[in-house]
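Below you'll find the structure, written out as structure tokens, and then a few comments.
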Amino acid sequence: MAPQSNRKDLHLDAVLHHDMNMKSKTAGFESVEFEHCALPECDFNAVDLSSEFLGHSLALPFLISSMTGGAKDAEIINCRLAEAASEMGIAMGVGSQRVSLEDSLHSGLGKTIRDLAKGVPLYSNLGAAQLMDKQRFDNAQRAVDFIQADALFVHLNPMQEAFQQNGDHDWIGVLKSIEQLKQRVDVPMIIKEVGFGISGVVAKQLVEAGVDAIDVAGAGGTSWSAVEGYCQTDNKMQRAAELFRDWGIPTAKCLEQIRGQYPDLPLIASGGVYNGLEAAKAVHLGANLVGQAGAVLKAATISTESIVEHFEQMALELRLACFGTGSANLRALTQARRL
């Protein structure tokens, strides 16, 4: 089995069975407080929560964010996630496909995932560091073709790699490779972080490189410094990982920086979004979709029904936030008054 697959198993164990969240840093949504509207002038049951992203219509503005792409026992989790995404009418991004390209038997990603995610967008996923490989363009297209993806996530995770044993430490030329890949791949390309956030400055570089969308994947949820520290055997790196446990830009700050510069850029908010009220705040700050990974993972270990129940609760809370602000739809929510 590939070493990357072993590491993914450790990641899964860390997130499921240990506290890997940031200690004191939040996603920043507590700074957004809606003004209550006592005359909403809309029907609670008719509030429209539908959304559109990269040409696909969704029943709800939710994304099952990338996770469990390489663990050998993860296929059942991914199948449940795909089934739930189809039932709820939401998008799904798979975890890193680096392992599936090297060892398809232990990838956690069967080709049936496309059949299970019926009628909803499915997003492929590769690490930006792998774009430095000689076969990078072929690998990217293979990743897309392997699951018949509707778009390709490329994840930026330099700090995570820095804490990994045998991680990819040379990031010179990554931006140029992103620009070149955009010209070669035949689906939209979304750039995401993994929980440290994308700043307005980096977003500008990515937009100029031609990317189609950005997932800010900000700080406030799972700390990948902590996760990699858990996987480390080197004492110095373990201590450093704990020191950097709260490193990153809060998700709300990322949204404010990027949406202020690019009013029309498709944006995903993920990182420390735990409930429908926080999802409403993310939409208010400019997110077109709201992604969750760790918050969904425990439900995914139980059943498809548990995942569906999770997103039904999220949808109820989002609907309540819309109604409480007098917002008949998500577009109106972006203009809701704040205290």
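Every residue gets a Cβ built from N, Cα and C, even glycine.
Copied over from Swiss-Prot:
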{"type": "BINDING", "residues": "ARG7, LYS8, SER96, GLN97, ARG98, GLN160", "note": "substrate binding site"}
{"type": "BINDING", "residues": "SER65, SER66, MET67, THR68, SER96, ASN125, LYS192, THR222, ALA293, GLY294", "note": "FMN binding site"}
{"type": "BINDING", "residues": "GLU161", "note": "Mg(2+) binding site"}
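Features recorded in Swiss-Prot, as mapped to the structure shown.
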| residue | record | Cβ neighbours (10 Å) |
| --- | --- | --- |
| ARG7 | substrate binding site | 20 |
| LYS8 | substrate binding site | 27 |
| MET67 | FMN binding site | 28 |
| SER96 | substrate binding site | 27 |
| GLN97 | substrate binding site | 30 |
| ARG98 | substrate binding site | 23 |
| GLN160 | substrate binding site | 23 |
| GLU161 | Mg(2+) binding site | 20 |
| LYS192 | FMN binding site | 26 |
| ALA293 | FMN binding site | 25 |
Surrounding CB atoms that lie within 10 Å of the CB of SER65 (FMN binding site), all protein chains: 33
Whole-number Å value for how far SER65 (FMN binding site) lies from ARG7 (substrate binding site) (Cα to Cα): 19
Where SER65 (FMN binding site) sits in the secondary structure, as DSSP reduces it to three classes: coil
Distance from LYS8 (substrate binding site) back to LYS192 (FMN binding site), taken between C-alpha atoms, in Å: 19
GLU161 (Mg(2+) binding site) to SER65 (FMN binding site) - Cα separation in whole Å: 19
Of the binding-site residues listed as SER65, MET67, ALA293, the one whose CA lies nearest the CA of ARG98 (substrate binding site): MET67
